[in-house]
Amino acid sequence: MVFDLGVRKDWENLPETFVAGIKGSGCKIEVQTDVASLLQENGQSLDDVGAVIWSHWHFDHAGDPQTFPGTTDLIVGPGFKSNIIPAYPTVRDSHVNETAWEGRELIEIDFKGDKGLKIGKFDAYDFYGDGSFYLLSSPGHAVGHMSALARTTADPPSFMLLGGDIAHHCGEFRPSPYTPLPEMMSPNPLGRTLSACPGRLFLNIHPWKDPERPFFDPTTEPGWHLEAAEAKQSIDKLI
């Protein structure tokens, strides 16, 4: 299983309205390789990859599932099929290419089904049924956005968070009531150059002067999040 594919090498084969927007903005995209190539270069057969999981459909995460064999399923989050399909080229202004799931099974995760459970405040899904990999419903940034927890050790249990785009800056989830700005830092990274303690210095530049509140909220500017308020709720669950 692979979680997200990054940007595809041949990004100019993305839907035409997206490509036109990139070129018109003056941005430049250069991609030297892709996930499928990296796996093969390191001895991993693509035939053994049972699924590609999209945290969400944006181009910098979706890659090109067609670089994997048809036996590799494409896993998407809730609401994808009803909100995204049909896609490009059936819908000319769609930014999602229908070739992504052509010739393969497209599976939409049901967080309320038999494998559904709660991890903290998140609706979760036990992907393999053995507690080794969990998908987390983290909507807001895009339709059906998902994050994941990958188990790294069994005893004591530890996990790696695969966030997708649940947040775009660590200041969106730090500090918090569980990891507040400390009153003192030891050792002091500022040495003897200032008399005030470092914690106070950071609090002075905090927008809300609150040692337990994150520095930033998700932007409400159009185009960045599908639902900024829902994105904030997902970040609050992460905290």
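Using the three backbone atoms N, Cα and C, a Cβ is placed for every residue, glycine included.
Contacts of H58 (Zn(2+) 1 binding site) defined by a Cβ separation under 8 A and a same-chain sequence distance of 6+ are given as A142, D165, in order along the sequence. Look at Swiss-Prot and you will find H56, H58, H141, D165 tagged as Zn(2+) 1 binding site, backed by similarity to another entry.
Counting only residues at least six positions away in the same chain, the Cβ atoms of D4, L5, G6, W54, S55, G164, D165 sit under 8 Å from the Cβ of H61 (Zn(2+) 2 binding site). Annotation comment: Swiss-Prot describes D60, H61, D165 as Zn(2+) 2 binding site.
Across the structure, D60 (Zn(2+) 2 binding site) and H141 (Zn(2+) 1 binding site) place their CA atoms 13 angstrom apart. A simple way to gauge crowding: the CB of H56 (Zn(2+) 1 binding site) has 25 other CB atoms within 10 angstroms, across all the protein chains here. Look at H58 (Zn(2+) 1 binding site): DSSP puts it in coil.
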